[in-house]
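Taken verbatim from Swiss-Prot:
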BINDING   H46, S63, Y141, V142, N143, S162, H256, P257, E258, T273  iminosuccinate binding site
BINDING   C110, C230, C320  [4Fe-4S] cluster binding site
Amino acid sequence: MGILEKVQPIEVMLPERYQTMSILEMEERVREIKEKMGALLFIPGHHYQKDEVVQFSDAAGDSLQLAQVAANNKEAKYIVFCGVHFMAETADMLTTDDQIVILPDMRAGCSMADMADIEQTERAWKELAKLFGDTMIPLTYVNSTAAIKAFCGRNGGATVTSSNAKQMVSWAFTQKERLVFLPDQHLGRNTAYDLGIPLEKMAVWNPHTDSLEYDGDIEEIQVILWKGHCSVHQNFTVKNIENVRKNHPDMNIIVHPECCYEVVAASDYAGSTKYIIDMIEAAPAGSKWAIGTEMNLVNRIIQQHPDKEIISLNPFMCPCLTMNRIDLPHLLWALENIERGEQINVIRVEKQVTEEAVLALNRMLERV
């Protein structure tokens, strides 16, 4: 079942009046509603959100940080999640039944999460079992649908974040001989390589051809990577790095591990969103940085650190387009509906899916 089938009710079109309101009018109304509702309303905002949204966030962070913060908030009745659908799903699964999770715009999806649907994954697992038998354990990046998390949960696997991927991959190899990593091949490849697994012992499962792509000996394969990627981080290239090295030879290059292996290998540093933020925060004044991650976050880091020279690794970088569907008009629309005693775009994950997905989430949370 897809995300849109799980949500009641669904409204896609923003009412016209929100498109004609001034920014100042909308900002004033959001403040009024936040003040009126107090602790009953909680607004988590992802690092990749626009400033117009982040300014109203009660907490900012990466996807799992925000879901955990939401889960720890027992006062809020309404959690208006300013992120994308898989994040809102995770928040719904980790919060109580009487808490209502709302996504301001149902079109705010994630192309990478959508690259692994449950039918493809079940089919792949059966085919891979013919090759490798009961020697595999699945791990999924938290940037995945609730259904994929549930698949991992019922098959003994777990979720991972970019911050704890090494720890979780290491754990996986204490459970089984082989790892199936969904849905981001780059995070899986970079993590496994950092742990000493050579590239020739990694294969890629292509869900479009239902085939395993590999160069080495099939018996030696330890990591099976799902053929998925982040559309934002895929756009950072080795050529970008070469240009920075040529034009700014004293500049540090730091990238997210969702970038491809070649880019990560050519960079000075690679790590999660939090790692990047903390690294720049701790860097001395006057230091120079080229950052390979989402544009809204890079621009915010630039604004927060005027004492440092910071640029985007790719000067023609675009923001995460689906994340950017959450904007001030949609946020206000969601809040005004709550104010009227109505809810739009409520995220509800089925009970069985929740139970199995929480197994995968808890296997991670109890180890990190």
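Yeah, the Cβs are placed from backbone N, Cα and C, and that goes for glycine too.
Considering only the binding-site residues H46, Y141, E258, the residues lying within 10 A of C230 ([4Fe-4S] cluster binding site) on a C-alpha to C-alpha basis are E258. The distance from the Cα of Y141 (iminosuccinate binding site) to the Cα of C110 ([4Fe-4S] cluster binding site) comes to 13 Å. Note: the CA-CA distance between C320 ([4Fe-4S] cluster binding site) and N143 (iminosuccinate binding site) rounds to 14 Å.
Counting in whole angstrom, H46 (iminosuccinate binding site) lies 13 from C110 ([4Fe-4S] cluster binding site) by their C-alpha atoms. Taking a C-beta cut-off of under 8 Å and a sequence gap of six or more, N143 (iminosuccinate binding site) has these contacts in its own chain: S63, F86, C110, M112, A113, P183, D184, C230. Non-local contacts of H256 (iminosuccinate binding site) by the CB criterion (under 8 A, 6+ apart in sequence, same chain) comprise S162, H233, A270, G271, S272, T273, I276, G292, T293. Around E258 (iminosuccinate binding site), the C-beta neighbours below 8 angstroms that are at least 6 residues distant in the chain are S162, D184, H186, L187, H229, C230, V232, H233. In the three-state DSSP reading, Y141 (iminosuccinate binding site) counts as strand. Sparsest Cβ environment among the binding-site residues H46, C110, Y141 (other Cβ atoms counted within 10 Å): C110.
Using the Cβ center of C110, C230, C320 for [4Fe-4S] cluster, the list of other same-chain residues with Cβ within 8 Å runs, in sequence order, Y48, V84, S111, M112, A113, N143, S231, V232, H233, E294, T322, M323. Maximum intra-site Cα distance, iminosuccinate binding residues H46, S63, Y141, V142, N143, S162, H256, P257, E258, T273: 18 Å.
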